[in-house]
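**Q** I have a structure here, written as structure tokens, and I will follow up with some questions on it.
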Amino acid sequence: MMLCARNLTLAGRLDDVSLDLSPGRVTAICGPNGAGKSSLVSAMAGVLPVAGALSLDGHDLPAMQPRERARLLGYLPQGGEAAWDVCVRTLIELGRLPWQAAPLHRAHADGAQDREAVTQAIAAMDLDHLIDRPLSRLSGGERARALLARVLAGRPRWVLADEPLASLDLGHGLRLLTALRQQAVQGVGVCLVLHDLGMAMNHADRVVVMDRGRVVTDGAPGDALSEDVIAQVWGVTGRWLGPEGARALSL
Amino acid sequence: MTRLNASLVGALALAFAASLLAGRVWIDPFHSDVPGAGLILMQLRLPRSVLAVLVGGGLGAAGAAMQAYLRNPLADPGLFGIAPSAALGAVLSILLGAYGFALGPWALPVFALVGAGGAMALLGLIAGRSSGGVALFTLAGMMIASLTGALMSLAISLSPSPFALWEIVTWLMGALADRSWHEVWMAAPLMAVGLSAFLVAGRSLDALTLGEAAARSLGVDPRRLQALLILGVGCAVGGSVAVAGVIGFVGLVVPHLLRPFTDRRPSSLIVPSALGGALLLLVGDSMCRILPLAGGELRLGIALSLLGAPFFLVLLWRMRDGVWR
């Protein structure tokens, strides 16, 4: 399912952005603060109304029923707030909401498919031992995994995540990326906003660099995140060290 | 039915039976030698108890829905400005009566419902224009509450006689005394519509747990949700003000007390809050009837505020330590 954006524009945030994203790959969106990364991802998720065209496999996204769109596109917003201190299982079950038909249907995962999807999401994020724990008693890494499991429980064809690695340490960040890679291997489209250029360089299949609402470069990590681009967009002089797949940016 | 709901239904049944027997005149169900016991039961106590269940249920469910919608445990059905608008309507009807306009016995509840409907329409107009932001919408509700509060003070200051003033003030205190089956028939359908709206909105309210953006990505239509909330709160709160006056704190206190006994999912809290609100109002009203007070009985609105305000303070105290959810 190709996710295509054409001429997305939103005053002050997005300036004529066009992108074609292929499923089965991990695409990273990078850029300095205020570059329009979050706006782009939330626009593609159908959460932020923008001018321009969005389509999924040729189907017009804004014209879709919200619930139909929600079944195809999973969106993980930045921050991951939760108003109520629900337990991990309850949180993950929320991901099944788009699949539950009748308005009075209880949100409990009582259908066999719901149960299976929730169990799989719990296993994929390694949360088996935490399912009854309230969110307030999770560490940052556990919380990030639980929030992503909520998205995966919806079994979306696309996962759009806004800084899923924010506030995670190296090990937890890497594990989360590995889990997302696993999704891509299974044919899901994965599109992430990443601040850590090293993570993007080593773990993405494709990198889109944005600045001031526009796409600056778009391509393989090595090309899109070249030292010249980093100098131009972030205004810092850096050098990539180490072999391919394990590169580190030295500033 | 969950264990919580079953316990609440059991407690409610007991309280209901007790409320029929308790009062200035106690009725012994087995050896009643009270003259006119049947009349007292059927025409005074039964409608009053049913009304307590209806109003308490409506206010409790509205509180749970409002807290879920605003994602704030301190939200209260009064925040949309619907209760004050309904109260303004009722005050106007008392005032017009005092100025000599011959209004029927239905004038007060009808005026109150018109007030609630007006606030709902205004909120709907604002909601229709905005893209559904909860903050803007809440501000609009608070402005409506503030405006109707000022208009109510103006109306009170214009009251032509001390008697009208007294009538307005007592009415504003909220009570279930001297209500009849008329009020029951008026409130019942409104509460049914309100509760249904909250139940239909339940799943969207669950999604809102994760914030507005995540809720939209889960397929929630913010305008539909807002419309359901306006309808539900308008019917439940407007209807309760129309028949019982202003009764605060039920919508705030009850969801709080019950939330820890649920999985904290907003949709799991709506029915328990309705049952809990009904229970609180039924017990509160029975206590008001039993407590001896010079010059009549304690007003229910006052009693609940006396209970509610300290509760709110304890809540704020606990919020300091960040254990308020």
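From the backbone N, Cα and C atoms, a Cβ is placed for every residue, glycine too.
As listed in TrEMBL for this protein:
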- B:46-66: transmembrane segment (TRANSMEM)
- B:78-100: transmembrane segment (TRANSMEM)
- B:106-127: transmembrane segment (TRANSMEM)
- B:134-155: transmembrane segment (TRANSMEM)
- B:184-205: transmembrane segment (TRANSMEM)
- B:225-258: transmembrane segment (TRANSMEM)
- B:270-292: transmembrane segment (TRANSMEM)
- B:298-317: transmembrane segment (TRANSMEM)
**Q** Given a Cβ distance threshold of under 8 angstroms, which distant residues of the chain, six or more beyond its ends, lie next to the transmembrane segment (B:134-155)?
**A** 69-71, 78-85, 87-88, 91-92, 95, 115, 119, 122-123, 126-127, 168, 212, 226
**Q** Would you kindly check B:46-66, B:225-258, B:270-292, B:298-317 and say which stretch has the most C-beta pairs under 8 angstroms to the transmembrane segment (B:106-127)?
**A** B:225-258
**Q** Name the range, of those listed as B:184-205, B:225-258, B:270-292, that has the largest tally of Cβ pairs under 8 Å with the transmembrane segment (B:78-100).
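**A** The stretch I would name here is B:225-258.
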**Q** Does the transmembrane segment (B:46-66) reach the transmembrane segment (B:298-317) with at least 3 CB pairs under 8 A, where each pair is 6 or more residues apart?
**A** no
**Q** When only pairs 6 or more apart in sequence are counted, do the transmembrane segment (B:298-317) and the transmembrane segment (B:225-258) reach 3 or more Cβ pairs under 8 Å?
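**A** Touching, yes - the transmembrane segment (B:298-317) and the transmembrane segment (B:225-258) meet the threshold of 3 or more Cβ pairs under 8 Å.
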**Q** At a C-beta cut-off of under 8 Å, are there same-chain residues at least 6 beyond the transmembrane segment (B:184-205) that contact it? List them, or none.
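**A** Distal contacts: 47, 50-51, 54-55, 57-58, 61-62, 64-65, 68-69, 109, 113, 215, 220-221, 224-225, 228-229, 231-240, 242-243, 266-267, 270-271, 274.
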